[in-house]
C-alpha cells in the first residue's frame, strides 16, 4: 500500500505550531517565526473562525501550564490566568449592576419630572420628595405639598381645565425635549447605540465582528440616551438595551485581560455571560437571565460559561439590590404574590391568551419589519430626528389623557399584575362593596367575589383604549434611532389583554356561580379568580409571541412570583403562543431584524430542511471561472500578487499542483498580503520573481535565482473539507457546530470548490424565495 | 484549472439519497434500492454515528413534509408526527411521576415495617396508621396504640433492655431480608438494575449502545429492588436510580413512536429529557432537573430538548404532587423556610464547608474507586450476595443505636435542614430555656439566641458519630449490586457537618456577642445564625464535591428554599467545593465510574490539553501493516470477503485505486457483510469472482464474466476527513461536537489512516499515564 509516508508525517508533536497562525516556536527556519502583527486577526464585518480561535487559546494555555512548572512567578501567572475569568465576571457583574441601578434612578427621576418638580430640591423624584417632606402618610404617599405639578408651579393651582392644559403641554414639552436629546446624542456620538442591540449581539456572538458596537462610546451614549428615551414616555423598555449595556461593559473590561483581549472566541464567552447579566438586572431574575442567554442569544455556550454567567448574573442582581433603585429591597422588577390557586378550567382562558399572544407576536413582527423596511428604503430614513420627534409628540399627545398610558410601561405592568387588596384605592379595584350580611356573601371574605363597580368599568374602558394605542404605537417605535427595548411594551400589551380577560372571567364567575363551569370550585364568596394572574399570563404570552422565548421566559416569570404553582399556566400560554406565532413564520423579532440588516447569522435553532447536496451550493458554480488556487511551489511572488489582486476572495486553497488538485492547506488573503508586504520590506532579495514556497523543505533553486519566500507558517495545514456528495444538512450542521467560516469541497480526493457561510446563507435565502443578495457581509 | 468536473458532480439533489444508508429512492439501478434489514443499524456495545442518525431523521421528516402537501391523511400524519414528541414527553412525565410516587409510598411503608407493624392493617405505614386510628393529637402523631413496635407485639412491652434487643434484632432481620431480596432479584432478572445508573446513562447519551440497559426488565426490577434497598437501611439514596427509572420509561415509551423507535439520535433526545424528569421527581425541582440533565448527563442537548425536558419535568413533578407521597402537598422533598438573613461574615464558615465538601468529595471518589476496583479484580466480586448481606448487617448493627443513623437518609437531612421552632421537641432543638425577664434576653424573641442544653450536646455527639459512620459506610456501599444513589448519602454527610458547624457558630455568637466578629449584626436576642442553613450549605458542598455539579446543584437547592436570598452562600460553598475537589483530580464520581468500566466516553467538559497531532494518534502506526482499504472497482467478492475476514475493523475506506489512495467513501463492515450475504442468496450470478463495484456507473465487463455486484448504495459518500497535521485538540473538538465514531486522515489529498473514538480515548489514557487498554468497547 503505497501511502506517501515520508518522515515528516511522523514528525514530533512540537512542530505542530507551524500549522497554526504563527503561535509558538516553529522548528522550521522560517521568516515568520515570530508572528507578524496583524496575521491571524480579523477585519471589520468579517466572521471569525471559532475552531482556530479556540485552538489558539488552548496553545496559549498549554504554554502557560508548561511554564508554570519552571518558576514560582510563572506558577502565579498561571493561577492568576485561571482566575482571571472569575475576576472578569465579578467586575462585569458589579459594573452592570451599578449602571442598571443608575439608569433606574435617573429614569425614575426624569419620568417624574414630566409631571412636576420637587420644591426642596429638583433632583428628588416624586416619591423621594414626599419622603423627605416627612408629612405624607403611607396611604397618601404621592401627595405632598413639596411636590408641585407644573400647573401648580406656573399658575398656582392644580384644579381646572387650564391647569390640565398646562400640565398636558409641559408633559409634551418634556417628552419632546428628552427624545430630541436622545436621538441627537445617538446620531452625533454613537450611531450603534440605537435600537435594542440584541439582534446585533446575537450576530456578534455567532462570530461576526462589528468594531465599535460594544465600545466605550456606545456604552456611554447608550446609557444616557436610554434614560432619556425611557423618560420621554415613548413606548419602549430598557430591558433589551440593558443587555447591550452589559455586553459593552464586558467588552471593555475584557481589555484588562490579555486572555480575553486577544482572543475573539474567549471574548464571546464573556459576552454570553454579559447577556445573562443584562436580563438579570433588568428583571432581577438571575436564573432566567442565564437561560435567556443560553436560549435566545448565545451561539457557543460551553458549560463553563453557564456557571460563570450564573455567577455574574447573581453578582449583578445583588449589586442592583444594594443600590435599591425601586426602594423596596426587592430583587425583582415586578414583585407579585398571589394567594389563590388556579383551577384546571382556567387553562382555557390561559390558552386563549396564548393564542392572542401568538397572533399579536406574528402581526407585530410583520408590521414592524414592513415599517422598518420602509424606513430603510424610502426617504423616511433620512429624517431620523424628525421621525423620533413626531412619534414622541404623537405618543405624548395620545398617552396623557389616559392614566394607563400616561404612567410608564413598568408601572402599568406592575399595577396590572397586582392583586386587589382590601384597601386598594386603584381604579382597577373599583368593585362594589357588598355588605357582609347579605345572604350571598355571608361566607367568604369581602375581598373576593365582588361585582364590578363604576370605577372598574371606567378602568376597563381606559385599558381597552390603552391596548389599542400600545399595539399601534409600538410598531412604529421599535427600530427608531433611539435605544429601545421591546420587552416592556410587549408585556404591557399582554398584561392589559390578560387583565381584561381576567376581570371578565371574574365577573362571569360572579354572576354564574351555579353554571356547570364554575360549580364545584368557584362557589360564592370564594376567591377563585385572580385577574392579576391573567395579566401575568398574558404578558408572558405576548412576549413569547414576539421573541419566541420559551424556557427562559417561563423561568423569568417564575422568579417574579417565586411559586412553582403558577408555572403551568405560564407554560400553557407560552407554548400556545409559540405554536400560533410559528404557524405564521418561524422567525422571532430578533431574527427578523437580523435578516432585515443582512447580517451573516446561521440560526442554530432551525433545521436545514432542503435536500440539496454540497456540490449544488459550493463555488465555483458550473458557469463560473475555475477556483483560484495557489500551488505549494512553482509560483512567483508576482504571480501570487496578481492572483490575489484579480480576485476578492478572503482566502486561497494551496494544492500540490494544478494537475493533481490535491489539497495541501489554506491561506487567508489578509495573512498573505501582510506577509508578502513585510517580506518585500524586510527580507533581502525578495522580488517579484522570487518563488513562493509552501512546502516543508525548500526546493533547490538555481544559484542565480532569488531566494524563495517561505510561507508555510501562515498556511493552515488543517483546512476543513467535505466531499461534494455531502448532504447540505450535514454541511450546515458542521458549520454551525464548529463555527466555520469556510470549508473546502473535494471529490475523490481532489479539490473541487469552496463553500462559505455566506454561500450557505444565500442558498437558504434562495430556498425561502428571498433575495440571496440580502446577505450583505462576509 | 483542470478540476475533474464530470456531469455527475452536478447531478440533481434527488440522487443524494444514494449516499445515505439506503434511505429514500435511489436513481441508480442498484440491488439495494430497498434498504436491507440490518443495514444502517448498530450492534451492541458500539457507538452510533450522530451525524448520520440526525441526517436520517431529517430525510424522514422531509419525506413526511413533502407528502403532507398531497393528501389530508398525509397532512394529519405530518401533524401527528410533529406532536408525537410532546405526547411522548407527557407520557414520560406521567409514568415517571407515578412510579416515583409508588416508590416513595412503598419505601416509606417498608422502612416503617423495620420498626413495627400497624394492627388495623399491615399495609399502613406508621403515620398513616396513626391517622386512621383517629386518636393521635397533632403533637403526638407518632404515638398511637394501633402502631406497635415488634417488641410490643412479641413481648407485650416496649420498655426495658429485652424489648430494645428484640427491636434491634428485628431491625437487623428486616434489613437483611430486604437487602437479600434486592440483590437476588437484581442478579436473577436484571443485572443492569444495580448501581445508580447515571454513569451508564451518560455513556448511552453520548452515543453508546448497551442493549437492555433501559429495557422493561430493568425497569421492573429496578423499581422493586430500589424500594427494597432503600428500606433495608443501607446508606444509599433513590435519586440516581430514579433517573435510571425515568430513562427506562422513556426508552420503553419510545417504542410507541416510529420516529423515536428507529432513530438512535432522536431517542437520545428523549432520554436527555427523561434524566431531567428523574431529578425533577427526586427533589421536586423541575428547573434544577433540566439543568442537571444539561450540565451533568447530556451530550447532545438542542434547545428543543430543553423546552421539552422542562415540560416533561413539570408534568412529572405535578403528577408526583397529586399522588402526594409525603402527605404534605409539597412538591419538594425537603421543604425549608428560613427567616433570618445571613451576614457577609458568615461567608467564612460557608467557604469552610465548601472546603470540607471538596476534600470529602475527592477522598470519597478515590476510596470508592479503589474499593470498586478491588471488587472487580479480586475474589470479592464473586460473592455479591454475601457482600450485600455483610454490609447490610454491618449497617443495621451500627446504625440502630444512634437515632440519627437509624432514621432514613432523607428524614435525617430533613431534620438537619429544619430550623428550630418554639415547640420543637427534637433533640437538635434542646436549647436551655432562658426566661424572658432576664436582662440579657429582654429584647428579641425566645426562639433565637439560646445557649445549648444537654439535649443538644447529646445530639451533637450522636451527629459526630453519625458523620464518621456515614462517611465510612457510603464508600463501601456505593457500587454494590443493588440500586444505589449517591445524592442522599452525600448530602447527609454534608448536612451533618454543616449542622455541627452551624450550632458551633451559634454558640460562639451567643457567648461572644461583643467580639468584633459578631458586633453589629448579631446582637443579643437577635436571630442571627441559622444552623439549618449551614446544614443546607454543607449538603450542597458535599454533593458538589462528589458529583462536581454546579449550576444545577445551586438551582435544585434554590428550588427547595424558594428564596434567591440564600443562593449566594450555596454558590460560595459549591464553588469552593468544586475548586478544592478539582485540585485533587478533575473527575466526578460518575466520570470515575465510567473510566473504571472502560466505557468509550469522550468527556465534553474537559479540554484536550496535549499538543499531539492527528498523525500521532491515527492508525496504522508507523510499525503497523498498511491500512486495509477497498478500491472502488477491480476487487472481487472473494477478495473483499477475505479482506473483511482477515481484519476486525468495523469499517473500510474505499479509494479510487491502490496507487492514488484518493478517498471515495467509507463502508461499514456490518453493512458490507449483510449486503454480500444477501446478494449471494438472492441475486443471480453473484459468485466469488464477481466484481464489487462502488462507482456510479458500472464498468463494462467481459461478456462471459459474472455480473458485477454494485454496492454504492451502502457506501457513505461523505466520510469525514481531517489532515494529518490537524492538532489533536481540534480533532477531539470535531469528534465531540459532531459525535463522530471515526474520521479518516489524509495527507495532501491522499488517504493516510483512520482515527476512531477509541483511538482518541486510548491516546488520552496514555497521556494521563493510564493503561490505554482500559478502554474496552468500540
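Cβ coordinates are placed from backbone N, Cα and C, and glycine is handled just like the others.
Please treat TrEMBL annotations as automatic predictions, because they have not gone through curation.
Checking the ranges A:1-33, A:34-66 against TrEMBL, the region 'Disordered' annotation falls on A:1-33. Taking TrEMBL as the reference, the stretch among A:301-320, A:321-340, A:381-400, A:401-420 described by the feature transmembrane segment is residues A:381-400. For the transmembrane segment (A:86-107), the residues of the chain that approach it from at least six positions outside its boundaries are 125, 223, 226-227, 230-231, 238, 242, 245-246, 249-250, 253-254, 256-257, 260, 270, 273-274, 277-278, 281-282, 308-309, 311-320, 323-326, judged by C-beta separation under 8 angstroms. It is A:270-294 that, among the stretches A:210-230, A:270-294, A:381-400, forms the most Cβ pairs under 8 Å with the transmembrane segment (A:242-258). Ranking A:270-294, A:459-479, A:486-505 by CB pairs under 8 A with the transmembrane segment (A:347-369) puts A:486-505 at the top. Nonlocal intrachain contacts for the transmembrane segment (A:210-230), taken as residues 6+ away from its ends with a CB within less than 8 angstroms of a stretch CB, comprise 44-45, 99, 102-103, 106-107, 110-111, 178-179, 181-183, 185-186, 189-190, 192-193, 197, 200, 203-204, 236-238, 241-242, 244-245, 247-252, 271, 408, 482-484.
Below 8 angstroms of C-beta separation, residues 85, 88-89, 92-93, 96-97, 100, 201, 204-205, 214, 238-239, 242-247, 249-251, 253-254, 260, 300-301, 305-306, 308-310, 312-314, 316-317, 320-321, 330-334, 487, 549, 551-553, 555-560 of the same chain, each at least six residues beyond the ends of the transmembrane segment (A:270-294), sit close to that stretch.
Note on the domain 'CBS' (A:715-772): mean pLDDT across this stretch is 90. Ranking A:381-400, A:459-479, A:486-505 by CB pairs under 8 A with the transmembrane segment (A:533-558) puts A:486-505 at the top.
Within the chain, the transmembrane segment (A:486-505) has long-range Cβ neighbours (under 8 A, six or more residues past its boundaries) at 196, 235-240, 282, 346, 349, 352-353, 356-357, 360-361, 364, 404, 409-410, 412-413, 416-417, 428, 452, 456, 460, 463-464, 466-467, 470-471, 474, 477-478, 529-543, 545-547, 589.
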